[in-house]
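Report on one structure; see the data block that follows.
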Amino acid sequence: MIDPNLLRNNLEEVAEKLKVKRNFVLDVALLSELEEQRKSLQVKTESLQAERNARSKNIGQAKARGEDISALLNEVEHMGIELSTTKAHLDEVLAEINQIVLAIPNLPADEVPLGKDESENLEVFRWGTPKTFDFDVKDHVSLGEGLKGLDFAAGVKLSGSRFVVMKGQIAKLHRALSQFMLDLHTEQHGYTETYVPYLVNHATLYGTGQLPKFGEDLFHTNALEGEQPYALIPTAEVPVTNLVRDEILDEADLPLKMTAHTPCFRSEAGSYGRDTRGLIRMHQFDKVELVQIVAPETSMQVLEELTGQAEKVLQLLELPYRKVLLCTGDMGFGSCKTYDLEVWLPAQNTYREISSCSNMWDFQARRMQARCRSKTDKKTRLVHTLNGSGLAVGRTLVAILENYQNADGTITVPSVLRPYMGGLAQIG
């Protein structure tokens, strides 16, 4: 969430920025009214507490003098009832304010280009040259089915649309990709491999910003009465980032760099009719995630570093891609600055997103109460959190099938993956 002090001290300015940069309309009148109620109730609560404490002290003194204290006891009792009622009202107002604040997106960094949607994103550069084929290229679905490695019909039978069964050498290639990515990030980029639960509680989802706004995008468990509800993770960012929730970290230990390979589960609400063919938009897909927890003054520099580490995967796989700086209208809810990496897909004759790398500033840290402290300063401050795909495994598989296809329908295995494939140079 954004800093409540910004809302209290610069509400009109923040509201205007949200409207212009995020197309988000903040109800200024309602929030102002609730803030006035909060301040009034806060003052009344503190006044009642102070008065009750003073009266309680008087009771002790009167009792010591042997005086009748029944009237004083009655006053304190009634004051306690009024205090409880006022506190309850204050809690209600605070909860209402909190619900509003939790729905407010992060403010973009100043350097983020203003724009309404993805058409106004800014291309930073391109890497690699798309291959020219001397035959009609096939898409990954035709290639995978021809090699009997992608079985979408089985996915439908077992689960429904947007699921797949992988088999044989294609399944092995899919596994090889995740192993290659993890090895690269742990051995060369300094990340600690992390294994996390795939089911998380609601506090975890609030921490990284999936709840309350994006509940419909999640797959939720049907909790029995009295049991804690869970949801399947939409990305490893959720459990990995929440490892620092309610923690005070030593600044000397920062940055914390963690990577995890997990399946990701998304309902794809609002995506009806989009990318219905193939692996591009699935309910279940694998991803290798990069997460960094850093000191605030380093986060913009770290965003460049983290994005470069995701780029390295594409470069070693020799897959042409482009780097795009997202405009304000296309950024994620909690991000202050995001780069997308888009890989070239020959069958679509276009670049498609394969990684999104974001600096969340202190947006998630404030929700999680994740703080750090230096040895020279006893005061704590919020950390900054960053995350990025390093990479989406299924989409990387798509890119390899299409970019490394041969005229006879076989697939050349990229050289960096051959050690993970038992030396296999060609599929099919």
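Yeah, the Cβs are placed from backbone N, Cα and C, and that goes for glycine too.
Long-range neighbours of A236 (L-serine binding site) (same chain, six or more residues apart, CB within less than 8 Å of its CB): T194, V196, A260, H261, T262, C264, K287, V288, E289, V291. Taken from Swiss-Prot, the feature L-serine binding site applies to T235, A236, E237, E289, S389.
Among the features that Swiss-Prot reports, ATP binding site is placed at R266, S267, E268, E353, I354, S355, S356, with the record citing sequence analysis. Annotation note: I354 (ATP binding site) sits in a strand segment as assigned by DSSP. Take the CB of I354 (ATP binding site) and look out to 10 A: across all protein chains shown you find 25 other CB atoms.
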ATP binding residues R266, S267, E268, E353, I354, S355, S356: largest Cα-Cα distance, in Å and rounded to whole number: 19
Residue pair S356 (ATP binding site), E237 (L-serine binding site) - Cα distance, angstrom, rounded: 12
Greatest inter-residue Cα distance in Å for the L-serine-binding set T235, A236, E237, E289, S389: 9
Rounded to the nearest Å - Cα separation of S355 (ATP binding site) and S389 (L-serine binding site): 5
Least surrounded among the binding-site residues, given as E237, E353, when other CB atoms within 10 Å are counted: E353
